[in-house]
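Enquirer: Pasting a structure here, questions to come.
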């Protein structure tokens, strides 16, 4: 009797277990399952919207009493790589070209270039363009803007794919100083009317120069300046700044970081617009007072860079002079001015 009851109990347990297993399989495979947000630890994340504070633009630097940075601070063969305001100083060996190519190439950037070829300076257009096609921003979209008083003199240099050239007529002036002083105005107006829709970055270069080695995306930045080849190893008291207090380009003996060349500057197109417009307004203020700065637009450029620090600085390998021997501190020359008769060109 006892054994019969035990057998019945075991049978009932087995039947109940089988029924529960079948029921679980049915529920798992046939009944719809829904997940609700409140089972998650942070259900509010689905409706969360971030409200960022508006970006605050950097303000002009007022305090300028600090030691001058020296490009050859360590030893004659080693260049400084960082400014006191943490802007990189670009030179050979400070960047990986292949890595930068992988970073910037997918962005499909368009880089603009402005040059001015007025009067006899039209003779330099061909050598400039041919060297640029060989070395400047290879593999990127490039738009050359040639400002000239003689569009017929612009040669038909073959351009690579995705590389364009626009010849833009401008008025010639009897004095080369006037042409130089009008450059900032012309560039800022061109950006406002056209270039801001066509390019991402804009470099403003001199036409009487040639590229000698690759110039690539290592030069891209918000606002870019190049150190002048004649003053990279001298104290700032010897820089040819405008020293007259009556000029808006005035720089005191205790001010200045590097002396920058007017032949090379650039950056994001919006920043270049602000920069050239600011320089133009300062030039107009001087002109209203009957003043012309010592080195014209270059004096205003240097004054502006003291108060509005460049985000990237190019070493003299990006702005050299063919009349100077290459120093041991520069491993190569990328962009250099040609040896020429200045007095003949400006006559």
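Glycine is no exception: its Cβ is also placed from the backbone N, Cα and C atoms.
Here's the feature list from Swiss-Prot:
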{"type": "TOPO_DOM", "residues": "1-5", "note": "topological domain 'Cytoplasmic'"}
{"type": "TRANSMEM", "residues": "6-26", "note": "transmembrane segment"}
{"type": "TOPO_DOM", "residues": "27-347", "note": "topological domain 'Lumenal'"}
{"type": "CARBOHYD", "residues": "108", "note": "N-linked glycosylation site"}
{"type": "BINDING", "residues": "116, 117, 118, 119, 120, 121, 206, 207, 208, 228, 229, 230, 231", "note": "substrate binding site"}
{"type": "BINDING", "residues": "206, 208", "note": "Mn(2+) binding site"}
{"type": "ACT_SITE", "residues": "298", "note": "active site, nucleophile"}
Enquirer: Any idea what DSSP makes of residue 120 (substrate binding site), helix, strand or coil?
Expert: helix
Enquirer: Going by DSSP, give the three-state secondary structure for residue 208 (substrate binding site).
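Expert: Reduced to three states, the DSSP call for residue 208 (substrate binding site) is coil.
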Enquirer: Kindly assign residue 298 (active site, nucleophile) to one of the three DSSP-derived states: helix, strand or coil.
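Expert: Helix, per DSSP.
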Enquirer: With H, G and I counted as helix, E and B as strand and the rest as coil, say where DSSP puts residue 229 (substrate binding site).
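Expert: In the DSSP reduction, residue 229 (substrate binding site) maps to coil.
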Enquirer: What's the CA to CA span in angstrom from residue 208 (substrate binding site) over to residue 298 (active site, nucleophile)?
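Expert: Counting only the Cα atoms, the answer is 16 Å.
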Enquirer: Restricting to the topological domain 'Cytoplasmic' (1-5), what is the model's mean pLDDT?
Expert: 59
Enquirer: For a quick check of packing: other C-beta atoms within 10 Å of the C-beta of residue 118 (substrate binding site), how many?
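Expert: I get 20 for this one.
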Enquirer: In whole Å, note down how far the CA of residue 298 (active site, nucleophile) lies from the CA of residue 118 (substrate binding site).
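Expert: Spelling it out, the Cα of residue 118 (substrate binding site) and the Cα of residue 298 (active site, nucleophile) are 18 Å apart.
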Enquirer: Around the C-beta of residue 229 (substrate binding site), how many further C-beta atoms are within 10 angstroms, looking at every protein chain?
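Expert: So the Cβ neighbour count for residue 229 (substrate binding site) comes to 24.
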Enquirer: To the nearest whole angstrom, state the Cα distance for the pair residue 108 (N-linked glycosylation site) and residue 206 (substrate binding site).
Expert: 26
